[in-house]
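**Student:** I grabbed these lines from Swiss-Prot:
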BINDING   LYS141, GLU178, TYR179, ASP187, ARG211, SER212, ASN213  ATP binding site
BINDING   ASP248, GLU260  Mn(2+) 1 binding site
BINDING   ASP248, GLU260  Mg(2+) 1 binding site
BINDING   GLU260, ASN262  Mn(2+) 2 binding site
BINDING   GLU260, ASN262  Mg(2+) 2 binding site
DOMAIN    104-287  domain 'ATP-grasp'
Amino acid sequence: MKIAILSREPNNYSTRRLVEVAQARGHQVEVLDTLRCYMNIASHNPSIHYEGRELESYDAVIPRIGASITFYGTAVLRQFEMMNTMALNSSVAISRSRDKLRAMQLLSRHGIGLPVTGYAHSTHDVPDLITMVGGAPLVVKLLEGTQGIGVVLCETQKAAESVIEAFIQTNNNILVQEYIREANGADIRCLVVNGKVVAAMRRQAQPGEFRSNLHRGGTAEAIKISPEERATAVQAAKIMGLDVAGVDILRSARGPLVLEVNSSPGLQGVEAASGKDVAGKIIEFLELKASRKHKPAE
């Protein structure tokens, strides 16, 4: 196959691994800087141009679109889809999962376990909002945040009121969530590929920190997940419409609680912790998806 990888960082571990594995399996791979792609949105002959040339057709595209460029990145991916290029994850599914509020509402509708989560617009409603999620301590999250940025643990009612009011008054959209104390600064990242958990790791926050993101100094180790956790991760990815996803789960007294469903999960931490060839599983699935697309009707 001829595969395009949309990535702003060709030397990023995840991008390099996908290139290496795909090439080792006989595929032709080109890494394209997402923001350098530009589009001709024509009715009969849509095209994508890159560095002064019109791109030839590809069999498949792997989107590695960062959260900060979701709008433009999904537009580029839609253009590939208009040109009948098969996408590892669809533009619709990526957009759905990147909207954290919408994602929470969809997961809630399907009965997936979640931390109690509040959303409000007016500062007049802050005291009741805090009560609604169980009071302090609680967690405030910027809807546009990523890698633990814009996530604040408020340990008292006064601190919670101040932080929430400050965010709202500066026109930031936030979620207010209950703090799951029994998780003890740890979460589980499940890598789901084609409806199966192919790898999992437990991420533990640094002492004095509650955010377990590896970008914030958290550590990772292999973990054996329960059947309920496995089913929750698979179902969460399915609800988002993602064939490849990183599903973040907290262990709580009332079972697994989903924090986030990531459409472009990093591979370095989970491959190192689990010892699993996740990149290989992704390329194998891409091959399977391509074979299904080109299989003649019976």
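Backbone N, Cα and C atoms are what each Cβ position is placed from, and that goes for glycine too.
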**Student:** With every protein chain in view, how many other Cβ atoms are within 10 Å of the Cβ of LYS141 (ATP binding site)?
**Tutor:** 21
**Student:** Over all shown protein chains, what is the count of other CB atoms within 10 A of the CB belonging to GLU260 (Mn(2+) 1 binding site)?
**Tutor:** 19
**Student:** State the count of C-beta atoms found within 10 angstroms of the C-beta of TYR179 (ATP binding site), not counting that atom itself.
**Tutor:** 18
**Student:** Within a 10 Å radius of its Cβ, which of these binding-site residues (GLU178, ASP187) has the fewest neighbouring Cβ atoms?
**Tutor:** GLU178
**Student:** Cα of GLU178 (ATP binding site) to Cα of ASN262 (Mn(2+) 2 binding site): how many Å, rounded?
**Tutor:** 21
**Student:** Using ASP187 (ATP binding site) as the reference point, find which of the binding-site residues ASP248, GLU260, ASN262 has the shortest Cα-to-Cα distance to it.
**Tutor:** ASP248
**Student:** If one measures from the C-alpha of ASP248 (Mn(2+) 1 binding site) to the C-alpha of ASN262 (Mn(2+) 2 binding site), what distance in angstrom results, rounded to a whole number?
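**Tutor:** Each residue's Cα considered, ASP248 (Mn(2+) 1 binding site) and ASN262 (Mn(2+) 2 binding site) end up 8 Å apart.
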**Student:** So if I draw a 10 Å sphere around the Cβ of ASN262 (Mn(2+) 2 binding site), how many other Cβ atoms end up inside it?
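**Tutor:** That number is 21.
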